Structure formats: C-alpha cells, structure tokens
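Listed in TrEMBL for this protein:
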DOMAIN    4-139  domain 'EamA'
DOMAIN    152-288  domain 'EamA'
TRANSMEM  33-55  transmembrane segment
TRANSMEM  67-88  transmembrane segment
TRANSMEM  94-116  transmembrane segment
TRANSMEM  125-142  transmembrane segment
TRANSMEM  154-175  transmembrane segment
TRANSMEM  182-199  transmembrane segment
TRANSMEM  205-234  transmembrane segment
TRANSMEM  246-265  transmembrane segment
TRANSMEM  271-290  transmembrane segment
Amino acid sequence: MNKFAVLFILLAGTLWGSQGIYVRSLSAGGLSVYDICAVRIVGSAIVLTALMLIFRPRLLRLKFADAWICLGSGMVSIAGFNACYYNAIELTSLGVAAVLMYISPAVVTLCSCLLFKERFTRRKAVSLVLALTGTCFVSGIFGSTQQHATTAGVLWGLGSGFCYASYSIFSVFGIRRHYHPLTLMSWTFIIAALCIAPLCSPQNIAAALAASPLLIVPALCLVLLCTLLAYFFYTTGLERMEAGRAAVLAVIEAATAALFGIVFFDDPLTVNLVIGIAAVLASTAVLNLGRRP
C-alpha cells in the first residue's frame, strides 16, 4: 500500500465531508434535494467532459465490451445512490440514513474478498467495527429518542449503502482493465447525469440563481471540490490500494462532516460526537499504523 494512496483516500473523504457546507447554502437558496443532486452531477459531467475534450480527448475512449463498468457506476453508484439516500432521509432520519449508508465498507470488503481475492484480516475486521461504531455515534443514532425508521426507509437506506459501495467495485474492474481514473469518472458522470436530470426542476434552479447569483459559488465548490476532485482522489487511490481498505478509510467523511458542522454552523459538540470521531480516527489508525511500507 502506498502512502500517497492513503493520503488521496483521506483527502477524498474530507472533501466529501465538506459538501454539507455548500448543500446547506444551496438549500437555503431554494433548491430541492434533487435540484442539488442535479447541480452536482450534471455540473460535474459538463465540466469534466469539456476539460477532457479540450486537453485529453484520447482518455474518453472506452471499449464497447467495457461499457458496462461505467454504465453500472453511473446508474447504480452515482444516480442510484443519490436516489436511495435522499429517499432514506425522507422516510427515516438523517442519522439512520447515514448509518445504513455506511454499511458500504463492509460490502466493499466482502465483495473484494470474493471478486478480487483480497484477504480479510483481523486488522480489517477491527477497523470495520470501529468505523461503523463511530458512524453510529456521529450520526446521533445512539442516545437519541427522535430516531425513527420505516421498513421502506430502511430498505432505501440499505440500497444507498450497496450503491455507495458499488463505486469502489466498478472502479477496480476499470482500473484492472488499465483505464485512467479520468476515463472512468467522465463516463460515470455522463451516465449519472442522464439518469438524474429528469428528477430536477431546471426552472427552479434558474429562478434560484436569478434571485441570488452568489449561489454559483457554493454550486461550483460542490462540483469542483466535493465531486470532481474528491472522486479523482478516491479513484486514483484505488489504483494503489485494496478496495476494502479504501472504503474503510473513506469513512473519515462522517467525522469531517461533523467537524465542519461544528465550525461553520455551530452544531453542538456532544459526548457522542467526540466518541464517534475518535472511533473513526481509530479505525484509520488501526488500518495503517505499523504496516510495512
């Protein structure tokens, strides 16, 4: 495992964790959750495809026999995840939805063992338990009397976890076929954009931007930082690291999201939050400290 790969995955998780800053701004500006999804995914597809056509058009080449990889990652990993996750939030609560989403490291680890013959070690097992425990504490599911869940909500939440996990799996298939991370990302977001665009309201997005032109700033940050740069870091990290280990490291997103909430939105710093962040950081340490270079 490469030290730079660890850094890339942690940076990806940190950038994903920061998306709440920009999502809250866009939501306050009048955009619905599906409008925000469309801004993020369609915007990313447009920006990335334009840059690729200008600077690296050859990287857009994809063999027809391998098209299923990007179809899967676009339809399932990106569009499917967003649809499942937001439905889970509506039918349960943010905390329950977050915990169900973070079954993904376990799914990635299991699938990687079966599909890619990665070893399931005690170190991975301990790290997985710490990561899931930390997420439960950070989400507020422990010690809260306000959590609620319906059968449909739980199913949507589990679906979001499987969809979230599938990005790592599809990416490894692409990487093992020697595709550049930008090739995989470009086609993934093009497919995802085609799937998510019908769910948004272009009129509502245009009206919100007309009423508050400064909304373009959080929109660009969401596209450039939390999506394109984050997914580039994560996919690049997967080139040099086992998918199961990368998925566990990416759980740092939960801790950083909580910290950003405290710093930028005065979210309360509770004992559960401290325990959760410590557990997530411990999962990262267990997975990496003491390993041979």
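Positions of Cβ are set from backbone N, Cα and C atoms, glycine also.
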The transmembrane segment (154-175): which same-chain residues, six or more beyond its ends, come within Cβ distance under 8 Å?
66, 69-70, 72-73, 76-78, 80-81, 84-85, 87-88, 91-92, 96-97, 99-105, 107-108, 111-112, 115-116, 181, 183-184, 188, 234-235, 238-239, 243, 246-247
Grab the same-chain neighbours of the transmembrane segment (246-265) for me: Cβ-Cβ under 8 Å, and only residues 6 or more beyond its ends, written as numbers and ranges.
5-6, 9-10, 12-14, 16-21, 24, 98, 102, 104-105, 108-109, 124, 127-128, 131, 134-135, 138-139, 165, 168, 234, 237-238, 273, 276-277, 280-281, 283-284, 287-288
Under DSSP, the domain 'EamA' (4-139) has how many residues in helix, strand and coil?
117 helix, 0 strand, 19 coil
